[in-house]
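Participant: A single structure is presented below for examination.
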Amino acid sequence: MSRMAIRYTPEDCAHLLSAVRTQQPLIQCLTNAVVTNFTANVLLALGAAPAMVDIPGEAAEFAPVASGVLVNLGTPTQSQRAAMVEAAEAARAAGTPWVLDPVAVGALSVRTAAARTLADLGPAIIRGNASEIMALAGAGTGGRGVDSTDTPAAAEAAARSLATATGAAVAVSGARDLVFGADGTGVGIANGHVLLTRVTGGGCALGAVMAAFLAVTPDAVLAAAAATGTYTVAAERAARLASGPGSFAVALLDELAAVAPGDVAAALRLQALAPAALQQQGAL
Amino acid sequence: MSRMAIRYTPEDCAHLLSAVRTQQPLIQCLTNAVVTNFTANVLLALGAAPAMVDIPGEAAEFAPVASGVLVNLGTPTQSQRAAMVEAAEAARAAGTPWVLDPVAVGALSVRTAAARTLADLGPAIIRGNASEIMALAGAGTGGRGVDSTDTPAAAEAAARSLATATGAAVAVSGARDLVFGADGTGVGIANGHVLLTRVTGGGCALGAVMAAFLAVTPDAVLAAAAATGTYTVAAERAARLASGPGSFAVALLDELAAVAPGDVAAALRLQALAPAALQQQGAL
Amino acid sequence: MSRMAIRYTPEDCAHLLSAVRTQQPLIQCLTNAVVTNFTANVLLALGAAPAMVDIPGEAAEFAPVASGVLVNLGTPTQSQRAAMVEAAEAARAAGTPWVLDPVAVGALSVRTAAARTLADLGPAIIRGNASEIMALAGAGTGGRGVDSTDTPAAAEAAARSLATATGAAVAVSGARDLVFGADGTGVGIANGHVLLTRVTGGGCALGAVMAAFLAVTPDAVLAAAAATGTYTVAAERAARLASGPGSFAVALLDELAAVAPGDVAAALRLQALAPAALQQQGAL
């Protein structure tokens, strides 16, 4: 267990935040109409540079220039779906890491087909709530709209299986966030605040933050964990300043800009998760 | 007059707010690009669950699952117009109540045709400003963009006629909001604040709130009145905290989350409106 | 130099702000999905009336009714590109002044073609960052996504050439904003705050504000300068109230509503720029 326990430290995550701020990675977002403004503002607050390039003919042109790409299926118009495949293929060919967020996959037919196609195009991270990850892994039928009807713990087996099948790191958001690697690595992040569920795009914007962290490390599990850690620590700080969901969203942007790497290192609660094999053997 | 005077009380409206918070209805929104983020945040703040499912092939799939649907014609792309008809037909077939907001109908040809088609598909509530309601009823040519050039009082005859023709409750927003039922019922809500007109989507988001209230009562006039009452009481509270339109929009979200049913009951100023017949006879 | 120095005064700009507040011009915006909400709220806060009419069949219908039009190429879907040409042609035919914002032109092929077509349709103002203006003038290859990789000073020759070629006033945003007229006029505006670069749409919304000022003066250089001056003075005031980019965006809306013409006149730092010919001759 000692190896797992020290695989990633809060200091590793804090170091990546410094790198994001220094390198200001250019993040291409193909995301839904509901959260595109908030997502761009989250990236700007963090210190990254958003570029919402999501039309056919430009999506593939931009992916090789970008440092990271987010593909989010929240409101997938026909034009956007074509652009998403373009961008994913161009990102893969150019070596630009990209994040897939299969919003509401399972319950809705068009995006479910799109998500399966995209999952085969080499995302570095797949991010969703428990119901979405289960549905994409073929282990469930999706949640209630964008809301999960399952807990992250219930999605663990599906997430590990999806990571193995796709080679992607799989991040499951919830009261405790979980990240699994294709090699069996598992990390829990026990930060965050319930107000994140009362702001639209609270999860969607995290996908963009993950793309920004992918731009500064080749380790997708670490990128997902560090992004989640930075975002949820900022959320905890914002919640202390907020009077409700409106002022929380504003304070979250302020705190994403203000939070120092040392703040993240001090507040982050990372947990090593035992490999599935050990769990199944009852060794833990 | 006594029957009318007590038909709906502030306590009825407050009771419905409690029901929305308890049941957390899932509200499908097909709405315009300008206000989709604010609308989702308003629903989340209120305690409902937004799902902005507005593409062909998914819109009809989701409407039977949703507890209420909003169709708002603010920026009606071709794809969205097709999805709106899909969603309205599926909602009608499944018994999911839905709200039609015919933004800027009258002056603009594409949406005027779409609004007429949709008005025949059984909306439970039609919501608009005075010029929009008059234009949809065939009694006017629309306003100035999204702004009304008529007062709610001037739209009363058109609203009553539209309610009778469609069977929908017809809600007319303005300094005093009015709601009319197909059976001749009329309710005035004398709450609100002028800052609501300085935030884009101030009216559009109210349409989504009406859909949330429709999910907890079969009485469309009461749903429209209770939604309007909750929203405008929250607006009054937000205005007391605001320094201008930016901080007002933030405070409105905070107050939609914070306002208690008892606060609504205490602050709501409902007014019974005399039936048109009595008005015409000069009896009042 | 004395003629140049007094051509436009801060009082001229303040006077136009009063006119915008009095006339409440109706501004049609065909803009990108990321910033459409913020842009509408900026116009409302300022005292103008936004109308985001951007679909084919309605775009041309509305442009003659509008007092000013904004065409912004940030996320140009196929439908929106068709509507933009429609709106620009209808605006030109009707005499409605319009603003072109060629976001990220140069690096991306679809919008570059669209921007060149639109630049020939008689915009009154072309607004962009230095890299965008240089790319549209044929003097550069564009920036890094939406970010400029050139300074306004470096873009001066390209901006002057673009103004001469199109007849439009050309506004270049940056730490110091510059505006050039087709007749050789040049104005610098040395106001603003770096937080404007940390909010998505900080520049895009300024394009809409320019359209609002075009509605109250036939002098496009003055309209661009007065819009920039009002916006950047409000930004300076907002920055004093802000804790970060989230609260800055909120405060900017509050300050756009609160700033008085006298405040603008007092704070605005206008600078006359020497004609290119004099600069080339080393006379200055």
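Note: Cβ is positioned from N, Cα and C throughout, glycine not excepted.
Pulled from TrEMBL, these are the listed features:
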type    : residues           : note
BINDING : A:Met52, A:Gly201  : substrate binding site
BINDING : A:Arg127, A:Ser173 : ATP binding site
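Tell me about the setting of these features in this model.
Facilitator: Using a 10 Å Cβ-Cβ cutoff, A:Met52 (substrate binding site) registers 28 neighbours. A:Met52 (substrate binding site) carries neither a helix nor a strand DSSP state and counts as coil.
In this structure, A:Ser173 (ATP binding site) is part of a beta strand by DSSP.
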Participant: Compute the C-alpha separation of A:Ser173 (ATP binding site) from A:Met52 (substrate binding site), stating it in Å without decimals.
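Facilitator: Answer for this pair: 24 Å between alpha carbons.
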Participant: Does anything in the same chain, at least 6 positions from A:Arg127 (ATP binding site), have a Cβ under 8 Å from its Cβ, and if so what?
Facilitator: A:Val99, A:Leu100, A:Asp101, A:Val170, A:Ala171, A:Ser173, A:Gly203, A:Leu206, A:Gly207, A:Met210, A:Ala224
Participant: Under a criterion of Cβ-Cβ distance under 8 Å and sequence separation of at least 6, what residues of the same chain contact A:Gly201 (substrate binding site)?
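Facilitator: Those within reach of A:Gly201 (substrate binding site), by Cβ under 8 Å and sequence separation of 6 or more, are A:Val34, A:Val35, A:Phe38, A:Thr39.
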Participant: Within 10 Å of the Cβ of A:Ser173 (ATP binding site), how many other Cβ atoms can be counted across all chains shown?
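Facilitator: There are 28 such Cβ atoms around A:Ser173 (ATP binding site).
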